[in-house]
Structures are given as C-alpha cells and as structure tokens.
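What follows is a set of notes on a single structure, which appears directly below.
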Amino acid sequence: MGQQVGRVGEAPGLQQPQPRGIRGSSAARPSGRRRDPAGRTTETGFNIFTQHDHFASCVEDGFEGDKTGGSSPEALHRPYGCDVEPQALNEAIRWSSKENLLGATESDPNLFVALYDFVASGDNTLSITKGEKLRVLGYNQNGEWSEVRSKNGQGWVPSNYITPVNSLEKHSWYHGPVSRSAAEYLLSSLINGSFLVRESESSPGQLSISLRYEGRVYHYRINTTADGKVYVTAESRFSTLAELVHHHSTVADGLVTTLHYPAPKCNKPTVYGVSPIHDKWEMERTDITMKHKLGGGQYGEVYVGVWKKYSLTVAVKTLKEDTMEVEEFLKEAAVMKEIKHPNLVQLLGVCTLEPPFYIVTEYMPYGNLLDYLRECNREEVTAVVLLYMATQISSAMEYLEKKNFIHRDLAARNCLVGENHVVKVADFGLSRLMTGDTYTAHAGAKFPIKWTAPESLAYNTFSIKSDVWAFGVLLWEIATYGMSPYPGIDLSQVYDLLEKGYRMEQPEGCPPKVYELMRACWKWSPADRPSFAETHQAFETMFHDSSISEEVAEELGRAASSSSVVPYLPRLPILPSKTRTLKKQVENKENIEGAQDATENSASSLAPGFIRGAQASSGSPALPRKQRDKSPSSLLEDAKETCFTRDRKGGFFSSFMKKRNAPTPPKRSSSFREMENQPHKKYELTGNFSSVASLQHADGFSFTPAQQEANLVPPKCYGGSFAQRNLCNDDGGGGGGSGTAGGGWSGITGFFTPRLIKKTLGLRAGKPTASDDTSKPFPRSNSTSSMSSGLPEQDRMAMTLPRNCQRSKLQLERTVSTSSQPEENVDRANDMLPKKSEESAAPSRERPKAKLLPRGATALPLRTPSGDLAITEKDPPGVGVAGVAAAPKGKEKNGGARLGMAGVPEDGEQPGWPSPAKAAPVLPTTHNHKVPVLISPTLKHTPADVQLIGTDSQGNKFKLLSEHQVTSSGDKDRPRRVKPKCAPPPPPVMRLLQHPSICSDPTEEPTALTAGQSTSETQEGGKKAALGAVPISGKAGRPVMPPPQVPLPTSSISPAKMANGTAGTKVALRKTKQAAEKISADKISKEALLECADLLSSALTEPVPNSQLVDTGHQLLDYCSGYVDCIPQTRNKFAFREAVSKLELSLQELQVSSAAAGVPGTNPVLNNLLSCVQEISDVVQR
C-alpha cells in the first residue's frame, strides 16, 4: 500500500499531517446516514449555532458507528433530517451542518474527521465523505498521503483532506491561514452576517474574525489573555474559540452584527501527487491521451490531455525539436519538483525517454491571466477580485523567495486562472535555484524587455529583486485589465526612458496605495525595492480603514454605494477623499483591525508621478498622458518623497520600506534606440501648454516648466542634453545642452525626442516639401536627444528653456532652422569630434545670416568630447567657441539670464559622455538654422560690414548684425537665446581639431592650442561670460556651438569655474598634427577588438608612459565605435555602450592625470581603466 514512515496504532504520539490548505469545498452535502434523534421545531429567527443542547447527552460508544445513540462529532457534521421545517433545512444545508460548539472534546488523538469529499482513483486509495470520522494508521514517505480506516474500509487519502477531530479546522467557519484580501473575496458575494475565522498569513498565530455587513467586510482581532482565554471585547472572555463564536452568534457584543452564516470553503486544497505510491516522475506516454491545443511558446506547445489511469484532465507541455537541450528541459521539470504551493502550478510527471518530450502539469480551466483579464466581465471581476488575484501571486512569489528561487519571467501571460478566481504562477522555463545573490544568464538568452529590470537588461544579472520589478509590471497589468505595459513606447525606448526616471503612470481607478507599491517595485536600485514578504504584508495592511472598492470608487469619482465597482472607468472627476467611519455604531472600535489607523487618511496623500489628464489619442505616446498633478498648486520639493505619498504616516508601505532615494541612473554615451527612421515626417506645435503644472519625477529627476504670462509665447521643448540638477539653484549659471542651467527645465532637455514630442506637446505630422525629399535624419547626439529631419516650409521650431525657475520669467522664442545634410562617408555613427573631409563638404545652400553673435573667450577642457567644435585658421584674436547666450526679449531692463560655458555643469555632475561612434560634421560658410542666434530688435538697415556691440544689464557684450542679413523666415524682431543644437554639415575647407581616437599614428602627440579671450566683467562678482564667435573668412558668420562638455577631472580647474568662465582660465586644446585615417569597416571584427583590448590590458600591467596608454586606449575606442553596430542583441548593446563610455571617461582621467605611470593596484586611474577594458571584453564575448 505504499511506503510508510510509521505505523500508528493505539499510541498517543500520532504523527501530525502536513499543513492544511486554506480553502475547502463549497456547501456541505446532505448525508442520509442517520436521522436527527430528536426532532425540533425551528422558529423564524433560526440560527445554526443555537441548537446544540441535545448533543451534550450524546456519548460516542464506538467508532464504527453502529450504535443507535451515535457519536457527537459525527452528529455534528450531518444535516438536519426531515423532521425539521423546510425553511430551516434549506438554511442549514446552505451554510453548513449544525456544529456542536459547546460539547465535550474527543480524547482519542488518532481520530480524524474528513474535511472534503474524496473519490478513490486506484492505487489503494479510499473514498471518503466530508464529516466522516477516520482513524489514521500511517503516512507515506513525504507525508502527503495518509493511510486511514473508516467504516467503509481501509486505504489512502490526501493528508490535507483530513484533520484531527478536536482541531479548529473541523469547523465550517474556520478557514485556516487566509489572507485579508482572500477573506474579503470569499465574503464579497455573501449576505449580511456572513463570517469566517482565519489565521493571518503575515502574522502566524494571530486569529481574526472577518464579518460582512452592508456591503463592507469588517475584520476583528481575537485577543488572547495570559491565562489562555480569548476575546474580542474585553468584557466577554472565553476558554475556547468555539465558545467565543457561539457567544457572538447570539449577541453582537461589540461587533457590527451577529455571526450568522459561516462562509463556505470554496476550494479543495491541492493534492501533491496523484497517488501515494507514485513517487517516480517518469510517465508512460501511452497513459496520456492528447486533446486540443491550448497554445504555443518559444520552446514548445501546450495541449489539454487526459491521464487515463486517474481520469484526470492535465496540461501537457511539449518540446520542439532542436529548440532546447534535453538537459534544459529537464531542469524546468526539476525546478517544478522542488516547489509545492497552492498558488504554483503543480508538476505531475515527465516523459523524457524518447522525443517528443512531455511535461505534465495540473490543468487550469480558465487559461492565462492576461487573456482572462481582457475577456472577463468587469462587473464580476471587481476590484476585490483583482486584489485577491494579486495577493495570491504575491504569496506564491514569497514562497519562491524563501526557497531561493527566481522566476525570471513573471508576467500575467505566465499566470493561470482556475475555479473561483484561483491564480497560480506557471511557466518555470527560466526559473533557477539561487546559490548566490545574483544569477547571470548565458549569452543569447532572451528576455521580455518591458518586464525585465534595468540591471538585467544591461548586465544579464538576475535576482529576486528583478522579479519584484516584474511583479510591479504585473500589478499594472492587473489594474488595467490586461493592457500592454508602456503603451505606445517602442522596445528600444524602454530602457532609455527608465534611465531618465520615467515610470508608467497611475492607471485609471487604481488606488494610490496600490500605485505606491508599483512605484516601490520600480525603484532603480534593486536594494531599494521591497521583498516579496514585504509586498505580501503590504496587501494585508493596505486597506485597514477602508475597502478597496471604496478606494476605487473615490478614484473614479463615484460614491461607494456598493462593492461591485468597476475599477477602470476613465475621465471621471476626482473627489476629495475623507476618513471613513463604520456605518453602524461599533462599541469595540479598539479591536477592529486597523482601528489605530482610523484617523489616517488613506487616500489623502496622492501618489506621485504624472496624474491623469485628457485622454491620449490612439497614437503612440512616449510620455505619460497624465501631465497634471492632482493638486495643481503643489510642488514636490524633495526628490526623496517622489516614490511615496507626502504623508509617510498614511502610507501603507512606510512601516518597513527603506527610506532611501533611488540612485541616479548611470549615464551612458548615447541612446540605445536607433536614429529616427522616418525622416520625412514633419512636426509643428498645435497644443497649448500654458497651464502645465510644476512636476517632479521620481529617482532624482526633476523639472519645472516656465510660468506662462499673457505676453509670452507658450513654452516649447527641443532635444538637448540630459543632466541632473538641483531644483531652483540660485546660482543660475549659463545654460547649455548638458544642463549647465541652474535648475528649471535644464534637467530634461534631452528627454524629448520627436517621437515623444509628437504625443505630449501636441505635435501633428505635416507633409514634407519637395526640397526635403533627399534630406536625411541627423544622428542622435551623445545626450540621447534627437531632432526630426525637417519641418514644413523647411522650418523647425526650437525651444530654449529657462535657466532658473526662481529668476525672472524668460520669454521663450521659437527659432527657425532647417534640416541639415549629415556628413557623408562616416562609418562610425557616434564620433562626436569633427573630421576633416574635403569630399564630404555639402553644397552651399542659401540660408539667412546670423543676426547676433556673442563675443567673448571660452575656457575649454582638454580634448573636448563634442563634435560641434571647430576653429578656423582665420579666427581673429578674442574669438573662440560660442557658448550659450541668454538674451530674452527686453533683457536690458529685465536683467536677462547669466551666461556660462555650454556643456559644463556647475555642480560637478557629468552629463552623458559621448560615444565615439557619432558623426558630428563641422560648419559650412553659410548660416545653418540649427544654430540659432540673437536678433537685435532695434538695428534695421545697418550695412553688413558694420559690427555693433550690444550689452545686457550684466555687462555681457554681443555682436549685433543688421536685420537685412536675415531672410524673411518669421519672427524677425525677436531676440533669440542661443542654444547648442545638432551639428551642421561640414564646410568645404577648414582646419579642425582632430579626435585622438581616429588618429592613425597612436604615438603622435598633439600640440596645444589656446583659445583667445575677450571678456567683460559682469555686475555680480567679476565673473566673465565665456562666449565666443567664429567669423568665417572675414564674413559675419554664425557662432560655432559646442555640444555638452565633460568637466575637467582636475583639482585645479573646478567645473563651476569653467562654467562661469573665471578670469584667467586658459585650457589647452589637444590638436593633432594631421588628419588620421579611420579603421576600415572590413578590419573591424570581434577578434581584432579583443586583440586590441588584450594589448591595452597587457600595457596596463607594465610601467609604460601615460601617453602610450592613452593612445592605445583611443585605438580601442576606435575599434569599439565601429563594432557597436555588429552587436545583434539590444541588451548586449546597452552594456557595451555603457562600458565604452566608462572607458572614454577613464582615458580622460588618465590623460589629465599628473600621477606617474604605474601598474594597476597602485594607481586608481589605471584600476578603473583596466576594469573598463575587462568589461568590454566580457560583453563582446557573450
């Protein structure tokens, strides 16, 4: 009869069965074994707990049940007979059989009672009926099956189908370990007075009463005194829990109503294993009858089948040939063998002796959760049901967490739905047993990008915290009834947006506390995310002083009049939340679970992030549709608060969450998305954004829009660099594309791309003109921004953003610009330095001349990383590289904004470092409208050769040109604020600064070039405006605009000094002797790159001069820039570009380092450089 651990005779030391399941079968079935010995007349107010007196005299004379007197436990579990009035009989059968709550207990420890019906299926199993008494004889090896003897015979039954006759589980009202959300789900469809007693899942041993009344479920803690008595109200204490339930079934005594009807146990517990002797996993293929196909996956297909031996419906997963190794397939089965949880799909067996291979699991009739949510009746699947589903998944993942398993593919499509909304996590194809903190996937592994954590995308490393990230996305799927995450956002954009702090917006009707949990799961740093134990606890404590139905109703602007509220109804007004009180006077408020939180406003603190606004169109929004804060006048001032509610006391998660701000995402060299592939689309502004409220995003990403005035043009955004800045910096230095501006919008200038602007700023696509047909999109800059290739009438509107949100409101003007032809014959897409190329010069095109040229010298760092920098041989003294000019309309009287060097953050933070693969052509002799200049509104009809100088209120001088030099292109009389843009086409002839990474001679040492200076004292402390302009061939040319620059890593020159152009600062520029040849594409290969990396690694281990190391490093960068496009997988490309960025920064540090050459271990700069080279090699070898 199977293997036994021990034989149980008359000895009192009975081995206890395994833990019971938390749910049982539905209503008790009538049994006609015996009639009630004493017929009774039942009155109208019938209560099943009031008819117990006659059971006290019933004494059990024997086990076999052949005595006429009968035993009290057996009588307790049979329904009323025909001598009871029909109404009373129907109620008794509906809610449960009559129970003896006050009778004597049994003294036989081996006497058990059946909790559920069980039908024998062979292998010496025994059929039992609910309420039947049994004597346990022993258990099988794993304790999952018990050998019992009843009056019908002897055999095996599941251990979790029986319980000791004196245990609490024999009572119909006791449900064992049940979560709070599961209790609300079980009671949600019942009537007033329905109740259950449960043990808290999060606090074992803590019992509670869950009672439904008037559409609300109330939870009462059952307290225990020192002498072992239990009570709900301190005045009424009892020796046993049964006495307590009997008391409150007759009088409310502090409860909202009396306990009338025990909630039925809806689901039988899971039976692990199909029989007591089936302990081998290999199955006979002929035992399975295959039926229809359910679906297919990456490695195989899933069918419905029947296990003929047990007449059991199963799910059969087959393996496609040549798609997975047999060992990998068996690993999935091995993982499933180790896990046993009510909310994890159970493995039944495998067929691996010959192909095709099978994995046989339990069958879930309602399919995957994703399709179920999309097709369900939302009036039936209410917010209570959704919360119940999420709690089950959280419980399953907490179990995996304790077992050190990671799932790696947690999503709604991989969860299955059964009867009574039971959800089980399935698809363990990627699951792994964790032996350390993280697991690194093998090369070529595929993962769903929108569900995968950022660290997993970048480094292929997985942990339980990466599953927590996926669980947050799964919550979002549940809250939206199966919507696809990141709607309208391409896969290539997801990491890019996440890195900048973007997170999905709060779904319509989603309670703020649930959204807080999502945002906590989406913390950038894995250490800052909660564990699954904490998320499970969060669901237990989420709605102490309210119900989720009421929260959803308030979110949707509806009165919480019923519990059946559809939690996803768009565009309803949001009503202010208020603290809810009980609908009936409750005398025992201190014992209601969560009563200590009754004074807290659970919904008063609004969830952070973007709040819902007008519905987005059916296009592809890459920014949230919710662009306005729920409290328009509120401005979040602390970035630490952006992931939680303003009031931490009211936040459900604050009791155990780490109060840490997520670290700033690492800045990469370039965007992970490819350049725009639709150059023909044009955009123009159509929206009005005068009422956009101040926003602050999570993870340290903050920005504040300019305030609109009646006479100001609505603000517009353009693609610049992304940099992180403190909000409202009073220093307000000059602003460049890399975030040198003192706060304000400067932190997000790189956040808007044409695809993003199209949806969020009301852009509409226009038709290209005939002259634009040949135009090509310009490669994206190193700051992850990009510009569209053209606009109607060859015009593009650009926006210059305010430098400081506390300074005077600056007028934002639109600047006319045309698309530029990208440099020809460029093999590397990210080379940010200009390249001398005679044949690459584009034909001159008629364009308006520059109107205002800022004058002044510029302090430039060594080896400037940008490509928009060029100095001609004919540059006059005092003319350097142009920075950024802040010159709003009326600047003389309003004070203007300070000028500073473009691209150098004042606070020392480095912007995104350029990748050595983007082409940045140099300037033509004709004016390019990508570089806006200032127009003097007062100078008209001035000869072209007359140079006039304008000075603002701070003493900054600007070169003014007459208006007739500008062709009519709109907005002639408005001054422009100069902002660095994407680089223009190359000129026919120019002497350029050559990037060392493209030098053919690595030993060549460039000479130094010092930019001339022409400075003017400012009125605020003698700081100088570091600005320069480059006239070309004596003509009135336009300023050369440098892109964002990385500050010097030296102690003598601070970024703040460079940004403000401190007097006397002169920084030498490296200039090569001659233009170098690029490495041809056919010479770039994986082997060549690894060989170059090994050469640099070898050089680092020997005492060689720094200059030699720098030259070797630049040669490696040259190979990397050409090899990046050869990497097929986006995830590996992410990590590769980030490693190249680190290498380039390390080379910059080494170049300016004054430390003597050494070996790694003694020089930290060399250590960093060696780690970067090793990281590049690792990524390439994946």
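Cβ coordinates come from backbone N, Cα and C, glycine included.
Residues Ser525, Ser620, Ser1054 are shown; Swiss-Prot lists phosphoserine for one of them, Ser620. Cross-referencing Tyr272, Tyr502 with Swiss-Prot, the residue annotated as phosphotyrosine turns out to be Tyr272.
Residue-level annotations in Swiss-Prot identify, among Ser738, Ser771, Ser820, Ser969, Ser820 as phosphoserine. Looking up Ser484, Ser915 in Swiss-Prot for phosphoserine, the annotated residue turns out to be Ser915. Among Tyr80, Tyr495, Tyr718, the residue that Swiss-Prot annotates as phosphotyrosine is Tyr718. Per-class residue totals from DSSP over the domain 'SH3' (107-167), listed helix then strand then coil: 3 helix, 29 strand, 29 coil.
Cα to Cα, Tyr218 (phosphotyrosine) and Tyr303 (phosphotyrosine) are separated by 43 Å. Candidate modified residues: Tyr185, Tyr218, Tyr303. Fewest other C-beta atoms within 10 angstroms, Tyr303. In this structure, the C-alpha atom of Tyr185 (phosphotyrosine) lies 31 angstrom from that of Tyr303 (phosphotyrosine). The secondary structure of Tyr303 (phosphotyrosine), as reduced to three states from DSSP, is extended strand. According to its DSSP assignment, Tyr185 (phosphotyrosine) is helical. In the three-state DSSP scheme, Tyr218 (phosphotyrosine) falls into the strand class. Per-residue pLDDT, averaged across the region 'F-actin-binding' (1020-1182), gives 65.
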